[in-house]
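Notes follow the structure.
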Amino acid sequence: MTAQRTVATIQARLTGPRRLRTELLQEVADGLEDATEAYQEAGLNAADAERRAVAEFGDPRKVADQLQEEIAARHGRRSALFIALCFPVLILAWDLLWMTGLVPPTPQPAPAVLLNNLLTWIAVTTTCGALVGFLLLYFGPRVGVAGIPVTRAIGVLGWLGTGSTVLACCAMQFTQPNYADRMLNVPVLSVMVLSLVLVVGVATAAQRCCALATAP
Amino acid sequence: MQTVYIYIRENPEITLVQSGKRPGAARAGVACLGMNTDAIRGHLDGLLLAVLESGPLHGYGIIEALQVRSGGALDLPTGTVYPALRRLERAGWIAGHWDTVRGRRRRSYMLTKAGNRALETERAEWIRFSGVVGSVLGGTS
């Protein structure tokens, strides 16, 4: 196997942000080039020097798997922070509508109150889970916590959080007959658009966490 | 001018006698004593932090330093060093940046304050551990 083939084998097994992948591959290629040069300077011919450098490198598939773990963990850490910020923002934005009187206060039926509490509980649980995931991915390498399972867990948490939030919001429509009418004003529509953007953002980050944690 | 490295078995230090050539050439000449890979892996983090203690190094420079400081006894697949460096970087123990080394762009790493503390802890634990094991395995005199 040549140095070029070794790098190509790693490249084929890596998924994730292009910039980080390129950086990792460049570093590996530089290392192989430096090793080959060192052996040439020690007296080996070019072919033998490259062969020895590649042989000492080890199994490129194992190296790729370890690099993939780092790619996944870095994405997982960013995603965890994003999720931990999104859910409090969602809850705060909706609460502000009621607190500022932009939505006229009306007596809420018991199921609506229950769903409202459920939404708060989902947001708090998801935020806490994401913060724990962030800390595990930050301090985990210091105590030997593997990055892949934590990243996968953050992905699952993101999916559960967004899925249950969307379901609870849909159910809310049925508990209040005039709910949709009260939504037809600019502040409420703005918060709805913000919520949609955040939910899609969290779902996308969660999906990427799951994908990166299961690759290749 | 040629670089000559002398490996003193009793005191495994590499002495640079004459400069002018890459240290890698010396590394290539160091015989591999083939220390068990699994035994090394458990201490890889500490070893990497230790070679960075003297200053910033790029990926292959770290591999060279490991080999030179061990007198070629570390039989570790060199490819495993790159993910380990990224893991240590994620832990905040080392900081990486792209640098120009001998006219080429290379990613260099340096020890952070947290890394220094981690190295001190690792070193203290190793001294304690090796002392305990040594006193048992050393037999009775």
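From the backbone N, Cα and C atoms, a Cβ is placed for every residue, glycine too.
Feature annotations, reproduced from TrEMBL:
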- A:80-98: transmembrane segment (TRANSMEM)
- A:118-141: transmembrane segment (TRANSMEM)
- A:153-174: transmembrane segment (TRANSMEM)
- A:186-206: transmembrane segment (TRANSMEM)
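Between the transmembrane segment (A:153-174) and the listed ranges A:80-98, A:118-141, A:186-206, the one holding the most Cβ pairs under 8 Å is A:118-141. Residues 75, 78-79, 82-83, 86-87, 89-90, 93-94, 96-97, 102-103, 154-159, 161-162, 165-166 of the same chain sit 6 or more residues outside the transmembrane segment (A:186-206) yet have a Cβ under 8 Å from a Cβ within it.
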